[in-house]
Amino acid sequence: MIELKSKNFWRASIALGLAAFIAFSNLYFTQPLLPIISEEFSVSPLTASLTVSFALLTVAVFFFLYSAVSDAIGRKNVMIVAMILLFIVTFSIAFVQSFEAFLLLRILQGIFIAGIPTVALAYIGEEFSPRALTVAIGIYISMNSIGGMGGRVLSGIFTDVYDWRIAFIAIGFVSLIFFLFFLKLLPPSDHFQPRKFDRHKAVQDYLAHLKNRKLRLAFFVGGLHFFIFVGLYNYVTYLLTAPPFSLPTVIIGFLFLTYLSGTVSSTLAGKAITVWSQSLTIAIGISLMVIATLLMLVNNLITIIVGLLILSFGFFFAHSTLNAWVSKRAKFAKASASGLYFTSYYVGGSLGSFYLGFFWHYWGWSGVIVGTLLILSLTSFLLLQMSLIERRENTKQKSRYQLLRATN
């Protein structure tokens, strides 16, 4: 097993961190480019946003396939093949002549990206010792957000200095260099044992999780939050590239540095749930998202940036706690339960642009804000149900403890 702070611990953590950067930088690469894509291919904002939505949707769908394939042929092999195919598609996007071809290649990117995070987490679970496991997952998840943020920033810089086609070639080369380091650094899967995929048992596990109301509520809340989070970030790019702001693409890319507040809040959420209840911690996250959304109604660039910072902080604060909620309440097949949470999360992210696109089309940015607040009202209602569940659990636990003391 890979032990904490050993040479192999750092080699594997760096390698998997680079893999996370490759996956998430490519996944979100088009988000700052949406106004450019609209102009280049003469498509509406909603149509341009499909380049983000369809990639997210394919990640959600193919999540399960890669789990089964990697169980049979090995973790490292699957990640290597997925990354090689991803590079080919990324370079190809630079040469497309139609929006349809662009969209098809983005769907292919999503298919190959799905093979990286799914299998990386399985590798960590098998190869790292219990002490090293939590630290390795923390490093890996941090690189997820840094990768997504870095891809957006790079796309803005290269598009502004050169053009969007050069930007795709550039991220292709950056990804390729990181891939070579990944190959050199990642230790072999010493504890991997091929096993046949039991489809019947997997389906039974998934159905049981979906019937569990405690888990189902978390799936809905997490999915709905990402639903509006992705959509809002998509349409803020159109708001800020138009008058009176008229920001260049490079500045739009740098706006995604606001994700850093989410990296901080993910860590703080882990500490917060040791002090407060999980439902209260999620409530704090939702409250911050509501405050952030209202702030962004003010027609001022600084206020909008502050709003994005608070939005990212609140979103990831709630998201991290929802992950913990699922892990705590899945009594069996915890990996399957987490898989369902992330599927609902990515499906939500893929659909948000359709929903907020309706509000943008008819009422502009004010409509997007109203649409966002409506969803946050719904997740607040769902959270109330989660709070009641948690209160009942605590009451039962307290009663059992008192009964045990009385017996003794």
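Each residue, glycine too, has its Cβ placed from N, Cα and C.
The transmembrane segment annotation in TrEMBL covers 12-29 (among others). Using a Cβ-Cβ cut-off under 8 Å and counting only residues 6 or more beyond its ends in the same chain, the transmembrane segment (12-29) has close neighbours at 2, 52, 55-56, 59, 79, 83, 86, 90, 109-110, 113, 116-117, 120, 123-124, 127-128, 135-136, 139-140, 142-148, 150-152, 154-155, 167-168, 171, 174-175, 178-179, 181-182, 185-187, 256.
The domain 'Major facilitator superfamily (MFS) profile' feature in TrEMBL is assigned to 12-395.
Below 8 angstroms of C-beta separation, residues 27-28, 30-31, 34-35, 78, 82, 98-99, 102-103, 106-107, 109-111, 113-115, 118-119, 230-231, 234-235, 238, 339, 342-343, 345-347, 349-354, 357, 360-361 of the same chain, each at least six residues beyond the ends of the transmembrane segment (41-66), sit close to that stretch. Marked as transmembrane segment by TrEMBL: 41-66 (among others).
Under the heading transmembrane segment, TrEMBL lists 78-97 (among others).
Here TrEMBL flags 103-125 (among others) as transmembrane segment.
Marked as transmembrane segment by TrEMBL: 132-154 (among others).
The feature transmembrane segment is assigned by TrEMBL to 166-186 (among others).
As annotated by TrEMBL, transmembrane segment applies to 217-236 (among others). With a threshold of 8 Å between CB atoms, the same-chain residues lying at least 6 positions outside the transmembrane segment (217-236) that come near it are 31, 34, 45, 49, 52-53, 56, 255-256, 282, 289, 293, 296, 304, 308, 311, 315, 318-319, 322, 325-326, 329, 340-341, 344-353, 355-357, 360, 365, 368, 371-372, 375-376, 378-379, 382-383, 385-386, 389.
Marked as transmembrane segment by TrEMBL: 248-268 (among others). Sequence-remote contacts of a segment are chain residues at least 6 beyond its ends whose Cβ falls under 8 Å from one of its Cβ atoms, and for the transmembrane segment (248-268) they are 28, 31-33, 35-36, 138, 141-142, 145-146, 148-149, 152-157, 159-161, 233, 236-237, 240-241, 285, 305, 308-317, 319-320.
Counting only same-chain residues 6+ beyond the ends of the transmembrane segment (280-298), those with a CB under 8 A from a CB of the stretch are 221, 225, 232, 236, 265, 269, 272-273, 304, 306-311, 313-319, 321-322, 325, 366, 369, 372-373, 376, 379-380, 383, 386-387. Annotation source TrEMBL lists transmembrane segment at 280-298 (among others).
Annotation source TrEMBL lists transmembrane segment at 304-326 (among others).
For the transmembrane segment (338-356), same-chain residues at least 6 beyond its ends with a Cβ under 8 Å from one of its own Cβ atoms are 46, 49-50, 52-57, 59-60, 63-64, 67, 206, 209-210, 215, 218-220, 222-232, 234-235, 319, 322-323, 326-327, 330, 368, 371-372, 375. Annotation comment: TrEMBL describes 338-356 (among others) as transmembrane segment.
Residues or ranges marked as transmembrane segment by TrEMBL: 362-384 (among others).
Within the chain carrying the transmembrane segment (132-154), a Cβ under 8 angstroms from the stretch's Cβ atoms is held by residues 1-6, 9, 12-13, 16-18, 20-29, 31-32, 117, 120-121, 124-125, 167, 170-171, 174, 253-254, 256-257, 259-260, 262-263, 266-267, 316, all 6 or more beyond its ends.
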